[in-house]
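Participant: Before I ask anything, here is the structure I am working with.
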Amino acid sequence: GPGTMSAPGAAAGGGRSGAADWGGFEDNMQGGGSAVIDMENMDDTSGSSFEDMGEMHQRMKEEEEEAEGEAVAGEEEDGEFLGMKGLRGQLGRQVADQMWQVGKRQASRAFSLYANIDILRPYFDVEPVQVRTRLLESMIPVKMINFPQKIAGELYGPLMLVFTLVAILLHGMKTSDTIIREGTLMGTAIGTCFGYWLGVSSFIYFLAYLCNAQITMVQTLSLLGYGLFGHCITLFVTYNIHFHSLFYIFWLGVGGLSTLRMVAVLVSRTVGHTQRLILCGTLAALHMLFLLYLHFAYHKVVEGILDTLEGPNMPPFQRVARDIPIVSNAVLNTTAKAIALTL
C-alpha cells in the first residue's frame, strides 16, 4: 500500500525536478543573445522521421501481402477464378507505391528545407545595434594574447558587408567604363566578392586546422566578413576621389587597421610562434592584396584618362632591329644573344 504509493510519488518528484532542470537549461539557451549553436556540433537528423515512416509503410505493405496471399490461397481452394482480381490488386499496389514514393520525396525535400532554415536562424538573429558595434570593433585592433578573443558567430553583418562591397564595385566599374569580355558586370562583382569571402575563409579555416587554432568555420566567415568593412570604406572613398596618394593612405590606414584586428584575434587563438606567423602572414597578405586588386583591376580606365589629361602621353621608345653584316657564325651568335638580352 504505502510502498506502491511512494514509488509513483517519487517518480513524479523526479520528473518535476528533471523538468525544472530542463526549463533552466532552455532559459539559459534562450536568455543571452550570445548562445549560438555551432553547426559543427549539431547532428543533421532532418530526414530521420521520414525514414521511420518509410519503414512503417514497408512493414504494413508486407503484412498486406501476407494477408492477400492467404486470401488468394483460400480462393484457389474454393475454385474461383482470380486472374482479374490478382491483376487488379497488383496494379493498385504499384500505383499506390509510386504515389507514396513521389509524396515521400516531396515531403522530405520540403521538410529538409525548413529544417535547414531553422539551423541557420541563430546565425542571422542579431540586433542592428550589435552589428554597428561589431563594425566599429572590426577597425580597432585589441592587443590581448593571453586568452582567446571573442568572435561573434553570426553571418548577418558579414553578408551585408559583402553585398555592400558588390554595390561599391559595380559603381566603380560603371564610372570607369570597365569592359568585361565574359559575363556581366553584376556577375563579375558578385563572383569576385563572394569568391574571396568564401574561398579565403575556407583556406584560412584549413590553415587554422593545421596550425591548431581554436576557430570554427562560422567564426572564420564572420571574422573575414567584418574585415571587409575597411575595404568598403577605402574603395567607396577612392572610387569617388581619384588621387593615388589618398588611396595608398587609406590602404595602409583603414585596410591595415582591419587586417591588424583580424591578425590580433587569430594570434590570441593560436599557440606557437611559427603557427601564428604562417596563419597571420597568409591572412594579412591575402587581405591587403585583395584591396589592391579591387582598386587597380576595376578602376584603371579612369586613371588612364587622368594621366592623359595631366601631361603629354609620350609614346614608348621602340627598338628597331638594325642590319648586321655577315661576318661569321660566332659573331652572329653573340650579337643575337645581345639583342635578345636587350629586348
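Any Cβ shown, glycine's included, is placed from N, Cα and C.
Any TrEMBL annotation is an automated prediction that lacks curation.
Pulled the feature table from TrEMBL, pasting it below:
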- 1-10: compositional bias 'Low complexity' (COMPBIAS)
- 1-77: region 'Disordered' (REGION)
- 63-77: compositional bias 'Acidic residues' (COMPBIAS)
- 155-173: transmembrane segment (TRANSMEM)
- 185-211: transmembrane segment (TRANSMEM)
- 223-242: transmembrane segment (TRANSMEM)
- 248-268: transmembrane segment (TRANSMEM)
- 277-298: transmembrane segment (TRANSMEM)
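Give me the structural setting of these features: burial, nearby parts and distances.
Facilitator: Below 8 angstroms of C-beta separation, residues 123-124, 126, 131, 134-135, 180, 185-186, 188-190, 192-194, 197, 218, 221-222, 224-226, 228-229, 231-232, 235-236, 239, 294, 298-299 of the same chain, each at least six residues beyond the ends of the transmembrane segment (155-173), sit close to that stretch.
Within the same chain, residues 158, 162-163, 165-166, 169-170, 173-174, 178, 217, 220-221, 224-225, 228, 266, 269-270, 272, 275-276, 278-279, 282-283, 286-287, 290, 294 sit at least 6 positions outside the transmembrane segment (185-211) and bring their C-beta atoms closer than 8 Å to a C-beta of that stretch.
Sequence-remote contacts of a segment are chain residues at least 6 beyond its ends whose Cβ falls under 8 Å from one of its Cβ atoms, and for the transmembrane segment (248-268) they are 137-149, 151, 208, 213, 215, 223-224, 226-231, 233-234, 237-238, 276, 279-280, 283-284, 287-288, 291-292, 295.
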